[in-house]
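Below is one structure, written out as structure tokens; comments come after it.
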Amino acid sequence: IAATQPSFSWHLKENSRDHHTSKFSSKELIVRRGQPFTVTFNGIEEPTQNLTFIAETGPKPSKPAKTEVTFGISSTVSKESWSAVLQSTSSNSVSISISSPPNAIIGRYKLSVRSTASGSSSSASLGTFVLLFNPWSSGDDVFLSNKAECEEYVLEEFGIIFAGSKNHINSFGWNFGQFQEDILNICLSMLDRSLNYRQDPVTDVSHRNDPKYLGRVLSAMVNANDDHGVLLGNWSGNYEGGKSPSSWTGSVEILQSWKKSGFKPVKYGQCWVFAAVLTTVLRCLGIPTRTITNFSSAHDADGNLRVDEFYDADGNHLDRAADSVWNFHVWNESWFSRSDLGPSYSGWQVLDATPQEESEGIYQCGPASRHAIKEGDVDLDYDCPFVFAEVNADCMYWNYDPATRKKTLIFSKSTEIGQAMSTKAVGRDDRVDVTNDYKYEEGSKKERDIFKKARKKLGLEDKFDPTAPTQEEINQKPDISGKFKVAGPFEVGKDLNLILILANLQSDAKTVHVNMTAWSTVYTRRPVYEIWKDSLSVTLSPKEEKQFPIKILYPEYQQKLTTDKMIQVTALCHVEGGIQVLVQRDITLDNPAIDIQVLGEAKVNKEVDVEVIFTNTIDVEVMDCVLQVQGNDLLRGILEIDVPQLKAGEKSRTKFKLTPTEKGPKHLLVNFSCDKFPDIKTFKLVNVID
């Protein structure tokens, strides 16, 4: 070989088309395992039976670890090992089809060829290629038979993430951008920066054929805890020194910043940012992945399948328990088989990169089989008890007196946690509810039986728990009922109107003293600022219902709202001679709308004007207005435009140009920020034609 220096072709275009990798912007061959790819030698003179290929990956390639493989030309493709089959020969050109087994280690390989002729051998390096998981191949652990799902969960760069609260679900677009420049290299360097790799690189690389291993490692690497991973979490409501979690609109900027800073954690992330970045990384490597939003999500810190919330006598939500109930929480599901558990546990697996609790001493979570969660099989790997609690825990609400340290149960609820679980539809920009895939119908006998089964497996049924309420406390019945009714929409910049409705359930009169508070919170329902408080006393006649209007003025909450735009309103009702009643409502405020207009037809390589329209709906001037725009195949990187300040009621029209580079449906993501409205997000589907 060395004598003639033959030229060598990777057939980038044909191979990447066949392997569903043509979206990568790379000069390097990127292929999927368990599927042949073609290479051609030109100007070769030796007979091909004298050629041996060597493929190597990792720092110390070795045959026992399967990080080094050698294979000659054979007549048939092997399912179990690497193989090379002659495809065609002409006078001085040879085409060879190289196949890897469906369980090959993924990552970057060096490929070289050795030629043996008349007793002497010479070898030549052919360069590098990257091998990925293959959901299109039936032998692969990540095989997904539905082609539309492969398109969505591996090849789609746009996603929709659901947020808000169970009674007010909202959504925003996200640019996963797994095929954008340098993202694959960053994903591979994440693996090489993991704790497992640092402790034992040879063993770590040898496990990279296993999606459950990589999913777990990457769930740790996306957060900065333990390993200087990608994102630093911050739930304080103060995001100085970094970017507020709600300001991100895509993963590309985050991953590129991480690399550019010399792999210093990017500030700041919250659950949907961790989940979105993990989606990018896993889709990039070829593992089908999606984001799941769980509303009223439990964070059970002590593993007793119960979350405790505490309130003082004034109705303030006390931040004193390790347990909490988040308005929503976002995690991931990835699709792969579970040979370690058995076929019924294969399919969607829960992975969670948000650092909540340690697992085996590290902030990582999963993969937990979704089927195991539904069936209460909480003794199976990995982290099933924590995920089971997120969707099933019972909720206990306590009154706590800091002076005496005495706590009194107000009430308990077993149907509160795990509601309206949401993900984006396949091929459409709609919401799909997946709650029934995680649990049996709330309140049904089957659901309670599964809960008992889980408690039993965790040894909670037979263990005395001194912190648990007594049966007597659980069975006590309140004399009155209460609820907050919404009066009109909740919009940033407008006064908030609610009605507290109290009803006497008994046939004798009841006197009630009510302490009310409103706090701004982050989405984890952690109170940040007190906004308003009031109290009232009322006597309710037998079976009487009374309504009390509540108004919280914009100036009262304007300076105190968090970027999550959430307020928790609480009324703690002290009934004379009876038990206390807690009434609460989590409110999510809506931003004013922004509108995107594409002015004309969007055509490949032709400029088209886009206009973004925003109206200042409040009675004061808004300043520091910035518009951020991004969209793969529509524009490069992120476009940032300063928008002039707007007087009350004034409308702004901001124009910019796009030059689409590829035809088909594309998403344009817009984020508008100003001093009164941080991060108003919207997206528009742009159909690009030839």
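Positions of Cβ are set from backbone N, Cα and C atoms, glycine also.
What TrEMBL says about this one:
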| type | residues | note |
| --- | --- | --- |
| ACT_SITE | C271 | active site |
| ACT_SITE | H329 | active site |
| ACT_SITE | D352 | active site |
| BINDING | N392, D394, E442, E447 | Ca(2+) binding site |
| DOMAIN | 263-355 | domain 'Transglutaminase-like' |
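Across the domain 'Transglutaminase-like' (263-355), mean pLDDT in this model comes to 96.
Cβ proximity to the Ca(2+) site centre (mean Cβ of N392, D394, E442, E447, cutoff 8 Å) flags the following additional same-chain residues: V391, A393, S414, T415, I417, G418, K439, G443, R448, F451.
Ranking the recorded positions D352, D394, E442, E447 by how many Cβ atoms sit within 10 Å of each one's Cβ puts D352 at the top. The two recorded residues, H329 (active site) and D394 (Ca(2+) binding site), show a Cα separation of 17 Å. The residues of the domain 'Transglutaminase-like' (263-355), classed with DSSP into helix (H, G, I), strand (E, B) and coil, number 18 helix, 41 strand, 34 coil. Checked against D352 (active site), the recorded positions C271, N392, D394, E442, E447 differ in C-alpha distance, with C271 being the nearest. Sequence-distant contacts of C271 (active site), defined as residues of its own chain at least six apart whose C-beta falls under 8 angstroms from its C-beta, comprise W326, F328, H329, V330, W331, T354.
H329 (active site) counts 27 other C-beta atoms within 10 Å of its own C-beta, drawing on all protein chains shown. Its Cβ placed at the centre, N392 (Ca(2+) binding site) has 24 other Cβ atoms within 10 Å.
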